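Engineer: The structure is given below, and queries will be raised subsequently.
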Amino acid sequence: MADYDVIVIGGGHAGCEAAAASARLGARTLLITHKKDTIGVMSCNPAIGGLGKGHLVREIDALDGLMGRVADAAGIQFRLLNRRKGPAVRGPRTQADRKLYREAMQREIASIENLDVAEGDAFDLQTEDGVVCGAVMKDGRSFRAASVVLTTGTFLRGLIHIGDRKMPAGRVGEQPSVGLSETLARFGLQLGRLKTGTPARLDGRTIDWGRVGRQGPDENPVPFSFMTDAIVNRQIDCGVTRTTDATHKIIADNIHRSAMYSGQIEGVGPRYCPSIEDKIVRFGERDGHQIFLEPEGLDDDTVYPNGISTSLPEDVQDAFIRTIPGLEQVTILQPGYAIEYDHVDPRELEPSLGVRRMPGLFLAGQINGTTGYEEAGAQGLVAGLNAALRAAERAPFFFSRTDSYIGVMIDDLTSRGIAEPYRMFTSRAEYRLSLRADNADMRLTPVGIELGCVGNARLTRFQQWKSAYEAGRTLLQSLSVTPNEGKRFGLKLNQDGQRRTAFEILSYPDQSIEGLRPLWPELQAIATDVAAALEIDAAYAVYMERQAADIIGVQREESTAIPEAFDYESLPGLSNELKQKLAQQKPRNLSQAMKVDGVTPAAISLILSWLRREDRRSKRVGG
């Protein structure tokens, strides 16, 4: 008998969500981490959410994951980004107190049934007949399980760079994981090298706050979690300053000393989170680059200068930072650095995040080529759920790009692979009008209930809210008015004699349930939060109807399965190049096949014709 059903290696954002999701499904789960004290550490910026990323956090929360609740417990500056734009692209974000975040995550992990935590260095995986079945520790211990989830972050052969200095590390002060990299290479998985970076940490007591701008929190904080009633932490401002011509000159004069530009780093960095060296080289004509001075905690004087990630030597960092307004006398507590690490080509994965050629092994987070806490957490949840499903001999669950940003991300990764660290944006989702942050619970909590990963507290609250929403929508659709009747109450409707329901009227600009209450006093019964959801759904109703046909088409493509043993070589009409690419990537369905580089509509037609012919043949044989 196995020691556990699921083993999760790594206690970062992906690992915590994976372990929690697995345990919520009832799997006996072991979380292996170097040190229990580092569970939930925010390795880079002290913030959760943002554009696209905030959607992922809401989706994690809708499935009863941890990140939203923990962010609410630790948030010290909540802001809803893109507030003036449509609800589809608004992004909830908070700066977080690092200490509060880590403590809240550790409390969550400690409170979960079926979840044990072990300290140590997992350096190898156990296999039997090509199936992963456990983990081997550096100290000689071993643990067996039906499924293993790797969430190693930047630890796989991690190498820190500060100028020409190199230090093997997963992050500052922690040893890298070398053994697991060798294990994955031994399995024949295609590995690559990526890079990310972080800025220096500053002593806030030595910043001249009078010389920098201020950015405050929203007056009414919007929580991440459906389960959060109110934000209780004191909310704070962050500072805003800019680089100067003097800053740019120092960096340009020393660019050859940067680890990135000296040829020392082979890994590719994130395009959308460039280092200050990249900004100067690529956007040298700008008169300055904005920097946000983000306090790392309510009782912590450390400040994170968001916008000046660097791998320059310490003396250059010290010089250029002091040319920035407000930072002339600043004390640097820790230099900025770049870190290189190994990752696996995500095209090696099934949409379950299971490794195709190594059954029993699942990967989540930066090991799959992504960047960001939110992307990692979302993958961890998916890998943890599917690892537990496999252990219970249940079918895997695949998220679709038509139902979630999680599905968009996983489809992008497993179908297209990556050329640089992958970051989520709302622009990546074709159906973003449907996949809003505000409706994540309505979209995904029913999925979580069906899977069995939603706890009783959320289940009860969700059912109550859904009942209130449905009652409110039924009421709005039962009330109607003619243009002339509406005119008496100040409603500007088309004078076409058509009756319109209250729900239809809400699709008009500047209409609200509050504004309709003089006409229909019974609308007082609709609670404020339910009214806000109904108003958004009414505004998007026409567009959602148009989008529905497109979604059905994509779902049809996703449901047209391609057998794993499909013989592309025997398919006439396909070029040799396409045969090789398709045979290598093994798309599971037509939707994935369409995303393979170079695949044409004609090639899809050939595959579809073959599938239909085989289907008819099997029916004849079966008949």
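In case you wondered, yes, glycine gets a Cβ from its N, Cα and C as well.
In case it's useful when we look at the structure, here is the feature table from Swiss-Prot:
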BINDING   GLY10, GLY11, GLY12, HIS13, ALA14, GLY15  FAD binding site
BINDING   269-283  NAD(+) binding site
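Locate each feature and note its surroundings.
Structural biologist: Of all Cβ atoms in the protein chains displayed, 30 besides its own lie within 10 Å of the Cβ of GLY15 (FAD binding site).
In the three-state DSSP reading, SER275 (NAD(+) binding site) counts as coil. Long-range Cβ neighbours of SER275 (NAD(+) binding site) (same chain, at least 6 residues apart, Cβ-Cβ under 8 Å): GLY197, SER258, MET260, GLY269, SER309, THR310, SER311, ALA338.
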Engineer: Hey, does DSSP put PHE283 (NAD(+) binding site) in a helix, a strand, or just coil?
Structural biologist: coil
Engineer: Pick out which of the binding-site residues ALA14, CYS273, VAL281 has the most other Cβ atoms within 10 Å of its own Cβ.
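Structural biologist: In terms of Cβ crowding, the pick is ALA14.
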Engineer: Taking the center of the Cβ atoms of GLY10, GLY11, GLY12, HIS13, ALA14, GLY15 at the recorded FAD site, which other residues in this chain have a Cβ no more than 8 Å from that point?
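Structural biologist: Along the chain, the qualifying residues are VAL8, CYS16, GLU17, ALA18, THR33, THR151, GLY153, GLY365, ALA376, GLY380.
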Engineer: Is it possible to get the count of other C-beta atoms within 10 angstroms of the C-beta of PHE283 (NAD(+) binding site)?
Structural biologist: 11
Engineer: Could you state the CA-to-CA distance between GLY15 (FAD binding site) and CYS273 (NAD(+) binding site) to the nearest Å?
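Structural biologist: Each residue's Cα considered, GLY15 (FAD binding site) and CYS273 (NAD(+) binding site) end up 23 Å apart.
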Engineer: Among the binding-site residues HIS13, ARG271, LYS279, point out the residue whose Cβ has the most other Cβ atoms within 10 Å, with all shown protein chains included in the count.
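Structural biologist: For the binding-site residues HIS13, ARG271, LYS279, the Cβ with the most other Cβ atoms within 10 Å is HIS13.
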Engineer: By CA distance, which of the binding-site residues (ARG271, GLU277, LYS279) lies nearest to HIS13 (FAD binding site)?
Structural biologist: ARG271
